[in-house]
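Engineer: Below is a structure I'd like to ask you about.
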Amino acid sequence: MEFSSRERQKLWRLAGDRRDQYPHSLQFYLEPPTESISLVEFESFAVDRLKLLKVVENLGVSYVRGTDVYKTKLAGELRKLKFPYRALAEDDYEARRKDHISHFILRLAYCQSEDLRRWFLQQEMDLFRYRFNELTGGLMQKFLEHVNLSFEAIGEDLKNELANELSASTPGFSLPKVKEQMFYKVGLADAVDLFRARRVYIKDGFAYVPFKEIDVIVLNNYRTKLSKALALTARSLPSIQSDERLQPLLNHLSHSYVGPDYSVQKNTGKISLDQIDALSVKSFPLCMRQLHRALRDSHHLRHGGRMQYGLFLKGIGLTLEQALEFWKKEFIRGKVDADKFDKGYAYSIRHSYGKEGKRTDYTPYSCMKIIMSNPPSQGDYHGCPFRHSDPELLKQKLQSYKISPSGITQVLELVKGMHYQLACQKYFELTHDVDDIGFSLNHPNQYFTESQKLLSGGRELKKEFNNSGSFQQKNNSQESINSSSTPTSSNAKTDTELEELEAYFTED
């Protein structure tokens, strides 16, 4: 294809404008995007970045940040996502545009509460750290100048004069290494974290920072700016909440689950009611095991528990007929007679299976929905035990399930760090005697499916269950089902429909 001279000039001007808009692959996200995008692109960009941050979170807890194994794992996972995270070519406009817009969309979604802001800030910081350290020396220097952090490099004469002090004050730096490394003269206010950790030489109100430690200063600067930006965004929420198009999407994103919805099960009808007690011990996540035990003990669950547990049982394969029989048998053992059950509770069960009302086929709750919505009150048993239980009560529960003291300590540390899904993942590893489950846990029904695969020998990990009930060591590992398939916009609709379903479960 040939272009006229005028057309070529127009294309060059357009390319120049784009380069001016995103001069570097990395940024502090100081200026929000001003262009118009479709709601489809809005959701697509946000979901892709959310998948990216979920990966960053999982690896940040599983491995020591900055180590070679962490960087290798993260690079491999990010390649699968095909997200623009690396030091991109200078003219890769579309990749930088997606990076820019998706950050601001999630900033809107995750500024709505202190917990959400804290989570978003931590994951964006970890992602920024990785991307910054992937820059070459030249690109790093260009970026520092772009964000007005161009620190003064000290000359060779001054470095030789201070060589002994620099070596003594900078951990890991011998005299020969000091002479090889570039040092920067940085104001003490910018290097306060390094000063507190005693990792730099201080003189006359300045810190002498080696090139390899500059990322600490850059990250501290970015954290301050992003933290302030999140607080300011939260103040502007009322104006956004009045937009009927955006608010449902933003609420959905902050509670978003990005995996399969488990609405269609291949094993529907293959699980008998007699198996549920045994399955609850070996293949139910802790939240569902807790609900099952409470139901057996009190022969009743309040509406939050019935919704959470009932949809989970539907997801693992219980048919409508089995569900009606299961709940009726249990309830009539308590204070509910058969007639009351048929007139009240049976309708809500049929409704959840799409046989009443709007005929909507409701899907089981994801971990994020359980953690973030409808916290349990006195007398309730629903919710996430890792999120909603008192740590001491959680410890006692884990002890009663014969979890080792060291295992309990690991779980409680994850809970303390507010990594509730990772705590559940650790619970899976401890109860199945495996070292690494090889997937990110995001859904109670995913927990059940992976447990059944492992126990039946359909999934090979480092250890495998044998017929005698003990575990055997295995050498191979196999990828789990892809739990990061892209959700559609119907997920937001499903959340709304589930709220409508609660009206049918209000009778206790």
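From the backbone N, Cα and C atoms, a Cβ is placed for every residue, glycine too.
Since this is a predicted model, take the numbers as computed values, not measurements.
Straight from TrEMBL, here's the annotation block:
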type: BINDING; residues: C287, C367, C384, C424; note: [4Fe-4S] cluster binding site
type: COMPBIAS; residues: 475-491; note: compositional bias 'Low complexity'
type: DOMAIN; residues: 278-448; note: domain 'DNA primase large subunit C-terminal'
type: REGION; residues: 466-498; note: region 'Disordered'
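Give me the local environment of each listed feature.
Structural biologist: Under a cutoff of 8 A between CB atoms, and with a sequence separation of 6+ in the same chain, the neighbours of C287 ([4Fe-4S] cluster binding site) are Q308, I370, H382, G383, C384, P385, C424, P444.
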Engineer: What is the set of residues, excluding C287, C367, C384, C424, whose C-beta falls within 8 angstroms of the centroid of the C-beta atoms at the [4Fe-4S] cluster site?
Structural biologist: P285, L286, I370, I371, P385, F386, R387, Y420, Q421, P444
Engineer: What count of other C-beta atoms do you get within 10 angstroms of the C-beta of C367 ([4Fe-4S] cluster binding site), across all chains shown?
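Structural biologist: The answer is 24.
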